[in-house]
Amino acid sequence: TMASPDDLKFQEFEEATDLLLADPGASTLSMSGSSSTAPAGATGDIKLDMSDDEEQEESSELLRGEKQTSGFWTFEYYQSFFNVDTMQVLDRVKGSVMPLPGRNFIKRTLQSSPDLYGPFWICVTLVFSLAISGNLSTFLNSLGSPHYHYRPQFHRVTIAAVVIFLYAWLVPLGVWGFLTWRQREERQQRGYSFLETVCVYGYSLFIYIPTSVLWILPFEWLRWLLILVAMVISGSVLVLTFWPAVRDDTKSTAFATVATIVVLHALLSIGCKMYFFQTATCTPVPTLAPNHTAAIMTNKTH
């Protein structure tokens, strides 16, 4: 037998229809998120609605990944400065070797999120590249000399580590302290943090890694040319980064600060070249002729 049309009706709709007929002032709830229809003077209405602004606010907090900062004595505080991926490090290395006018390395490349991973490994790599390349350069310069005996100079690793790490930490500390003091004196806006200053100095040293390897070639004119190119590239990164922080100061202070930064950077590169890649001058040991040696021995016997 075929079912009648009344049997195919949903009982829930029939009950809802009966309730609306009995109480016309009752409110209805839409599951699709639309607002419920109810008279303005109805009391006891229950309204369930999730506003879009709250959803967007929650999603934006999740996307930002905001987290509570830990104290500086905790491991989590320092772990955040090493939380970078390979693409971020490569992008920052690329920005340090290709400085563009008007492009601030901290604002455009670091995006106010400094890391210590890149500067640490750049300094370590530069230490070993200077020491190894310096030893190879000394060996190649003295190759073929009968009076030269090669001895590995392991103390160069220690000297390179002391010089590079002191420069990468003490100079940024002095620059940051001076800029902070001047900003308080002149009541300027907030400048760079200490970690941002260390980060830009660390990445600016990357260009010296391939330069130190090319210093092995025994051509003095090429070495000085490479020094000039490396100084211009790395110095441009520092000047383009710190000039916006000092340009609002007096002209004498601004130019003196930038000049000091450039001079210290030049002293580092020239000092490394003069110490690790100095031209070897072998002083020949005087040898005695056989007949002269025999005459000396005869005089001693007498």
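Note that Cβ sites are derived from N, Cα and C of the backbone, with glycine treated the same way.
A TrEMBL annotation is a machine prediction, not a hand-curated record.
The region 'Disordered' feature in TrEMBL is assigned to 24-65.
According to TrEMBL, the feature compositional bias 'Low complexity' maps to 25-44.
The compositional bias 'Acidic residues' feature in TrEMBL is assigned to 51-60.
Taken from TrEMBL, the feature domain 'Yip1' applies to 97-269.
Taken from TrEMBL, the feature transmembrane segment covers 116-137 (among others).
Taken from TrEMBL, the feature transmembrane segment applies to 157-179 (among others).
Remote same-chain residues near the transmembrane segment (191-209) are listed as 81, 92-93, 95-97, 105-106, 110, 112, 114-116, 118-120, 122-123, 125-126, 129, 164, 167-169, 171-173, 175-176, 179-180, 183, 230, 233-234, 237-238, 241-242, 245, 265, 269, 272 (criterion: CB distance under 8 Å, separation of at least six residues from the stretch ends). What TrEMBL records for 191-209 (among others) is transmembrane segment.
According to TrEMBL, the feature transmembrane segment maps to 221-243 (among others).
Residues or ranges marked as transmembrane segment by TrEMBL: 255-277 (among others).
Here the transmembrane segment (116-137) does not lie next to the transmembrane segment (221-243) in space: the count of CB pairs under 8 Å, restricted to residues six or more apart, is fewer than 3.
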